[in-house]
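One structure is given here, and the rest of the page talks about it.
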Amino acid sequence: METMKSKANCAQNPNCNIMIFHPTKEEFNDFDKYIAYMESQGAHRAGLAKIIPPKEWKARETYDNISEILIATPLQQVASGRAGVFTQYHKKKKAMTVGEYRHLANSKKYQTPPHQNFEDLERKYWKNRIYNSPIYGADISGSLFDENTKQWNLGHLGTIQDLLEKECGVVIEGVNTPYLYFGMWKTTFAWHTEDMDLYSINYLHLGEPKTWYVVPPEHGQRLERLARELFPGSSRGCGAFLRHKVALISPTVLKENGIPFNRITQEAGEFMVTFPYGYHAGFNHGFNCAEAINFATPRWIDYGKMASQCSCGEARVTFSMDAFVRILQPERYDLWKRGQDRAVVDHMEPRVPASQELSTQKEVQLPRRAALGLRQLPSHWARHSPWPMAARSGTRCHTLVCSSLPRRSAVSGTATQPRAAAVHSSKKPSSTPSSTPGPSAQIIHPSNGRRGRGRPPQKLRAQELTLQTPAKRPLLAGTTCTASGPEPEPLPEDGALMDKPVPLSPGLQHPVKASGCSWAPVP
């Protein structure tokens, strides 16, 4: 029976489509349980999923009082390259407030160009990426969630990642405390997986949309092989150079080299969750504010034990897996300590059986969390550190207990020094823009008692991805900025763009279509 259940689980979402979930108010109460439910439906196979909160929920009463938050080190993202293959690095700019940044983002020089739809804007992005470098207000430590927001508050998700601080006394900003990102048109994040191949969650608080691209985890190694061929100098210098977050590869190049991927656009008021070893990239459509943090589940532990590490020191963020294995995999702890744990990660296997109802998981999840001493943690790190404001003197920074692990930079992949804080509000509610599903997404409405107990989730069939001959309209991939420091290795001369495709990568020209995964079309 268990074998049959396992096979049924693997059959969920065989095309690796990005799935969209609409939890009810009740289903939204337990974050850990809902992530398990999403995986039981196969959401993890895409590497990325969208969650649209219930209409009764809100992250924050008002955003009217955030203009004086200080962006201490805005970063100008400079890209070089051609034919859909770029590198990106940062130039530090002078500090500015969020209000000043918003004004800059909406100025004639940096504003979003006129466009007919998202696809038209994507074409403009890739055609003009190397010109007029945008400025990103990234890696700002803090949260915009109100303290009284109990569900899906990124300041205290209460997942097993809390063991990192509880058992090891380690706090890494951006990993187990939230980061804020203030974006403008063309600000980007390059192809990467999360540090230690953790999960991540991103909430778009306000502003213009964010487009995401993702390669299914079961095809991540194919992207790595292609990146090594396209960036041979970086590959020779570091075995895990994609962790530097400098490599920009367009969807056209991915398609020409047979790399399966998907695309979706996130709008204000929506969550995106990335799954372990899901390579992702993307760009912002205009001024916006997002918040992100990593988290973990029991399914991640084997990923963490096998995660690649930056070997050159440019972007090394790591921590011991000891507490996670000792507490959550006690039967394998001794083998793991001796280096004899031969577990193999199964990218297709979900965390819980697909037949297990969402409503019956509470008695399984809660006792386990209680046994570990996990709870909905208050944002103690936030309360001790007020926001850095432009006119405020004597701003305090919360002391991080990281031993030799400095703060990681989510944008550049480098380790940097700690920064500060969090803010809360209490005014009128803000409106949440309506959302529109992406072209390759499944809509998931989990069943509940009111709509018919035990009824399987409603699914709107996704547009199937095929290995068609490229059409005229390009499908795009996103990018991020690299850290300040040495400039990227030389690429083909600047100026040529996606209309001149790069040669196909040897050995990847005629890939065998893997079981159950989709192939991204150029619409």
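Just so it is clear, glycine is given a Cβ too, placed from its N, Cα and C backbone atoms.
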With HIS192, GLU194 listed by Swiss-Prot as binding Fe cation, identify the candidate in HIS103, HIS115, HIS280 belonging to that site. HIS280
With the fewest other Cβ atoms within 10 Å, the residue among the binding-site residues HIS192, HIS244, LYS245, HIS280 is HIS192
Name the residues of the same chain, 6+ apart in sequence, whose Cβ is under 8 Å from the Cβ of CYS312 (Zn(2+) binding site)? GLY237, CYS238, PHE241
Limited to the domain 'JmjC' (146-312), I'd like the whole-number average of pLDDT. 89
Over the span of the domain 'JmjN' (18-60), count residues by DSSP class, listing helix, strand and coil in order. 16 helix, 8 strand, 19 coil
Rounded Cα separation (Å) that holds between LYS210 (2-oxoglutarate binding site) and HIS280 (Fe cation binding site): 12
Around LYS210 (2-oxoglutarate binding site), how many other C-beta atoms are within 10 angstroms of its C-beta? 27
